[in-house]
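**Student:** According to TrEMBL, the record shows the following:
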- B:28-51: transmembrane segment (TRANSMEM)
- B:81-101: transmembrane segment (TRANSMEM)
- B:121-144: transmembrane segment (TRANSMEM)
- B:151-173: transmembrane segment (TRANSMEM)
- B:179-200: transmembrane segment (TRANSMEM)
- B:221-243: transmembrane segment (TRANSMEM)
- B:271-298: transmembrane segment (TRANSMEM)
- B:310-330: transmembrane segment (TRANSMEM)
- B:336-356: transmembrane segment (TRANSMEM)
């Protein structure tokens, strides 16, 4: 019961961004997507979310071919938090989150009792119940990010995709968000794929890591495997910093003895 | 009380309602007030005019009885009632179309004419007028000779031409902003051709075109109204039924797609109904400016929400009410002021005031 990529190529008509992507993200697991800027993480997330068709190869969720799903069916199974800024105007937090029920509601989008329960749960689980009646123009970027995550959860997806969700967050909120995703994956039996630059934190919390190197090659495994076989170091080490496999943090390179 | 139980209480309360009571109250008040205001404006539009008709005689005519002076029946049945209905329909249509465009393009400056529909109509009318002057084109001469009907046909043809071009482009252009810019360019180019045509034409004919450009709710016959009303009601019905789609589009096209919306189809439907509404108004009343951009902002402020399930009816009523009031003011005793003069002169300060009192033009991607 998983998300499975099989020799997937993503990109644009005249420009292939990533090719030969084969990986698995299990349900109940937090999968992190790491890699340098501009390597194609967002393009990959967009392709998985159905926002751009894959160039070749296959992707399936619980055995169902994702490229063949209807837009509505896909929306019931996959929810996404994108990096783009959302400013829908005069809406309360709850109204924003309730838009996540669209794939499940009828022609008018009217909410039933169960829809309202799900919205309340989603607000509660991201700790945003106090934002429910606030106007979106009055909330901070971090609070807005939490509401967008709640909106995605209100879709009740099997697969949750997040593209750099911690970009606007302060340090405590970043830790809290990763912790929340970790807990949701287990409790709701969700497959969660999150792209992030929080390498140290993510490696510590994730079940699976997808690591794209500067050449566009995807390495997969548990964080421990990728750390101990030197892949993490190969991708992220710089002239000044190196990843220390023992402490799991980046440290200054030791000065050469004089 | 512990943090956990506070949260549980909050959740339990949250389950019971979708909108806080204060916001719900405001929405009910706003819609109720707009409904009453539109009714009042409609009454004013029928009872006030250049020829004084006693109120009870007006009521008699509306009820189908014969008034003391038979001329009053003519005034009310063939002038005021059609004019009031035209104004109400035109205002509602422009408001709805403006709202659709602002949401689709997530741009507070978008209006029903952003894609050049009114420029297309202008081109049609100016061609007809010039054609009538030079006798160069048999068709155009016929159109202008047909008087009002000719103008309506010419405007509709011009608007339809631009609309088809834009809809065709919308299939290939991915970014809404690009489409908007293309629309503005097409509009400018079309306006340039109109200017060229007018410099080549006789002053009397140019005057006819300028009069059309000032906008008017008068002169609509009952048979005009049957067509105009039919098209307008159809366009409004499409707009009203797309509330859920427009709500999804508030989050941007990408999020809308991941919510299961067929964005391409939603875009075509929205552009089609907005342009149909704007095109119909332009054909029958001329290019009525300002209402399409201002009414949605005012309605959004009044209702205090961007939720289209509330905003669409609020815009419909606000548009009808505003156009009716403009129509009443234009019929001051002893003079007729062009509609476009009133919409801009009276409307602009009102909208500026509304906007200055609020923080920003919210609700349209700003």
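Residue numbers in this text run from 1 along the chain shown.
Placed from the backbone N, Cα and C atoms, the Cβ positions cover glycine too.
Remember, predicted model here, so these are calculated numbers, not experimental data.
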**Student:** Using Cβ atoms only, state whether the transmembrane segment (B:221-243) and the transmembrane segment (B:271-298) have three or more pairs under 8 Å that are 6 or more apart in sequence.
**Tutor:** yes
**Student:** What stretch of B:81-101, B:151-173, B:271-298, B:310-330 shows the most Cβ pairs under 8 Å to the transmembrane segment (B:28-51)?
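**Tutor:** Out of the listed stretches, B:310-330 contacts the transmembrane segment (B:28-51) most.
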**Student:** Per the 3+ Cβ pairs under 8 Å rule, pairs at least 6 apart in sequence, do the transmembrane segment (B:310-330) and the transmembrane segment (B:179-200) touch?
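**Tutor:** In this chain the transmembrane segment (B:310-330) does not contact the transmembrane segment (B:179-200) - fewer than 3 Cβ pairs sit under 8 Å.
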**Student:** What residues elsewhere in the chain lie close to the transmembrane segment (B:151-173), defined as a C-beta under 8 angstroms and at least 6 residues from its ends?
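**Tutor:** Distant contacts of the transmembrane segment (B:151-173): 115-125, 127-128, 140, 143-144, 179, 182-183, 186, 190, 212, 224, 264, 267-268, 271-272, 275-276, 278-280, 282-284.
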**Student:** Which residues, given as numbers and ranges, are at least 6 beyond the ends of the transmembrane segment (B:179-200) yet have a Cβ under 8 Å from it?
**Tutor:** 105, 107, 110, 113-116, 118-120, 122-123, 126-127, 130, 162, 165-166, 169-170, 173, 206, 209
**Student:** Under 8 Å between C-beta atoms and at least six residues away from its ends: which parts of the chain pack against the transmembrane segment (B:336-356)?
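**Tutor:** Hits for the transmembrane segment (B:336-356): 50, 213-218, 285-291, 294, 297-298, 301, 322, 326-327, 329-330.
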**Student:** May I ask for the residues of the chain that lie six or more residues beyond the transmembrane segment (B:271-298) and have a Cβ under 8 Å from a Cβ within it?
**Tutor:** 86, 90-91, 93-102, 104, 108-113, 115, 117-118, 120-122, 151-153, 155-156, 159-160, 163, 166-167, 170, 212-217, 220, 224, 228, 231-232, 234-236, 238-239, 242, 311, 315, 318-319, 322-323, 339-340, 343-344, 347-348, 350-351, 354-355, 361
